[in-house]
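All remarks here apply to the structure that follows.
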Amino acid sequence: MEERASIWRFWADNANLGLATVVAGLFNTLFSLILAHALGPKDYGWVAALNSLVSLFLLPLPVIGLAAIRWGKPAAGRSGLVVATWALGGGIFLLAAALSPVLGRGLELPSSLITLFSLSVLFNFGYVLYIGYLERARRYRLVGVMVVLSSVLGVAAVALAVTAGRAHPIFWLGALQAAGLAVLLWLARRSADTLPPVPPSRISSRILATTLGVGTLQSLWGLADSLWAKANLHAHAAGIYTGLVTVGQAVPFVVSSLATVMLTAVLEEPARRRYFLARTLVAALALDGIFLSILALMPKTIVRLALGSAFLPMTPLIQHYGDAMAALALVSVLATYGVAVGAYGAMIGAALGTGFWIVSLGYAHAMASLVSRTLESMVLTLGLTGMGLLVDQKGRR
């Protein structure tokens, strides 16, 4: 009975967070659709560049999230992670504001917009910390509500920006996004305050290293090629490529929810870790198959629905980029499992593959070569991560 209850809870958690992630993904697609139709490729590329720059400032964010999940809500007087989170978020925002003139000249963006969009950095850090506490407690129904609310507020922000604020839509988008995150932070903190503290546990160097390493890699996976495209392609082509990333990242976005549920399940019941990993991989493979089938059967329809006809030039590349992101989704599952069990091998394999990807981007000077190098690199990364995990686990038996 205990085993059946454990398995039931695992799939219930997946259903709650998975459904919320899919719904949030639909709203995120609507966000991109409104933005792309209202602004066109050039201004859409501007917004994407600003959001990618913010993502660069948020590089430590997955580390904060994984750490919050890994160790849970601390008892009173043990708030080191909370202090570090707020100090890091505030420090990065101030640094971004100070560097905005230099960054603006380099990326051909107004420094005032860089400062405005960077305001969300501070709120993001706190929000992810408290969501991590909720995930460790496996309050996935509540987390799902927060995930959906986040995407709904994003759509509301872009809708208001391109209608009521249409004279300066990018400015209003930045301001409204920051306001929405402030609301989410308040709600997440209030919810986390109701949780019981997690008893303190010994933090081994293995666990710390894998948490920091995989968290950093997760940040790089989401933004490296977009930033490279913005820096090396002209504005229109960079906007088109960003649209490609928007569509392609759909499957890693959904699979990340499966990986998070697996992580918390393994932390709570380490004896069933292989069961949780195997089922999560099967579910991720099924989602990959559905995603790639849709791209193969109706690529132009997907592009029109998600971004509009102005982005049709990316259609010939969408299948290969989708293949790359399907591989990345599996890498994410294996690397997250590595965090749960402290597997150096998975982290090192993922890091080697990701490093190869970033270096190879330096030799790509067109959209087609960016896509082909991303595909080659992600397949390599998947192989290295899987091999690293196997070697690590055999060595620890």
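Here the Cβ of each residue, glycine as well, is placed from N, Cα and C on the backbone.
Caution: TrEMBL annotation is automatic and unverified by curators.
Here's what TrEMBL has on this protein:
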type: TRANSMEM; residues: 17-40; note: transmembrane segment
type: TRANSMEM; residues: 46-69; note: transmembrane segment
type: TRANSMEM; residues: 81-103; note: transmembrane segment
type: TRANSMEM; residues: 109-130; note: transmembrane segment
type: TRANSMEM; residues: 142-164; note: transmembrane segment
type: TRANSMEM; residues: 170-187; note: transmembrane segment
type: TRANSMEM; residues: 207-228; note: transmembrane segment
type: TRANSMEM; residues: 240-264; note: transmembrane segment
type: TRANSMEM; residues: 276-298; note: transmembrane segment
type: TRANSMEM; residues: 318-337; note: transmembrane segment
type: TRANSMEM; residues: 344-364; note: transmembrane segment
type: TRANSMEM; residues: 370-391; note: transmembrane segment
Leading contact stretch, 46-69, 81-103, 109-130, 240-264, 370-391 vs the transmembrane segment (207-228) - CB distance under 8 Å: 46-69
Contact call for the transmembrane segment (370-391) against the transmembrane segment (318-337), three or more Cβ pairs under 8 Å: yes
What else in the chain is close to the transmembrane segment (318-337), if you only count residues 6 or more beyond its ends and a Cβ gap under 8 Å? 214, 217-218, 221, 244-245, 247-252, 254-256, 258-260, 262-263, 266, 273, 277, 280-281, 284-285, 287-288, 291-292, 295-296, 299, 302-303, 343, 346-347, 350, 353, 371-372, 374-375, 377-379, 381-382, 385-386, 389
Of the listed stretches (46-69, 109-130, 344-364), which one yields the highest count of Cβ-Cβ distances below 8 Å with the transmembrane segment (240-264)? 46-69
Any chance you could find the range in 109-130, 142-164, 276-298, 344-364 with the most Cβ pairs under 8 Å to the transmembrane segment (17-40)? 142-164
For the transmembrane segment (142-164), what are the same-chain contacts with Cβ under 8 Å, counting residues 6+ beyond its ends? 16-17, 19-21, 23-25, 27-28, 30-31, 34-35, 38-39, 131, 134-135, 170, 172-173, 176-177, 179-180, 183-184, 187-188, 191
